């Protein structure tokens, strides 16, 4: 028995992958599995995505890319956060595509001695986010440098949208216009760029006019709606739950947890859930959690501790007892989006939180 578990529904992963693939028509689907598959377990979810329509995969780091390749994934893998000081040649030997995210990165690859296989790259152009990416004033130099290098194969260009989760924000169209200008400039200089992509999850779902050659969704694959208030039929794949360890009485006026910041307004019972800030429950979650036990919701009370938090059961009319499952989010509990709203954050962060002593349990067959 595990005291703290994230249940990952592989059938939900399969459903979401198919749904996205069906929405994008002829465009390819690059499934983003960075951060260990958004904390769902990259080694388990990536094969399901591959079997249900993913044409390629995107990760952040070289270590993630190599780990993904080691699972047996044979489709293209793009890595977009790396340093020239790393052993990037190991990624090339493993057939990993590297993102050119600055002129320096381009120069390092061009000046490198030939490897046993061509270095495959995708050029990330900065179209407004002002993060990683080649700035417009450097396009000509970088495009020409790559064009003239015999041991580099350019797969295309990509960029990242800053405001796609805000439908109607003109910045998305401004970025798309800049991106098209980058594609046109590359081709005018004689650089072949066959596969170009800019759509993240919200743009994949709401901007079919921007699908281009490939889309690059992330959070939607895991069943979370990237645009507040919309419903695209996605199925959340993660449920985070703990097994109650203690149920005990509390008298009116008595407090619980550090500082006794909460006191019972009437006699009743409290229960202890074995999840704390060491496991990803933020200390700031105090008084924001509604925990689901046996078909009923109960408020979290008092301060969140390192290893546990407390819920108030009232007079415990439903007979909650030690060993019962307490759902923190997902499944029958609060959705990740509801919890994110309560914590003034985003659902992306919420699903990345279960860590520490949390054990993953997989359900479904990925079909």
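Glycine residues also receive a Cβ, built from the backbone N, Cα and C atoms like all the rest.
Listed in Swiss-Prot:
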type     : residues : note
MOD_RES  : 34       : N6-(pyridoxal phosphate)lysine
ACT_SITE : 34       : active site, proton acceptor
BINDING  : 131, 306 : substrate binding site
ACT_SITE : 258      : active site, proton acceptor
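In the structure shown, across all protein chains, 34 is the one of the recorded positions 34, 131 with the greatest number of other Cβ atoms within 10 Å.
Closest in space to residue 34 (N6-(pyridoxal phosphate)lysine), of the recorded positions given as 131, 258, 306, is 131, taking the CA atom of each residue. Contacts of residue 306 (substrate binding site) defined by a Cβ separation under 8 A and a same-chain sequence distance of 6+ are given as 276, 277, 278, in order along the sequence.
When the Cα atoms are compared, residue 258 (active site, proton acceptor) and residue 131 (substrate binding site) turn out to be 41 Å apart. Counting every protein chain shown, 12 other Cβ atoms lie within 10 Å of the Cβ of residue 258 (active site, proton acceptor).
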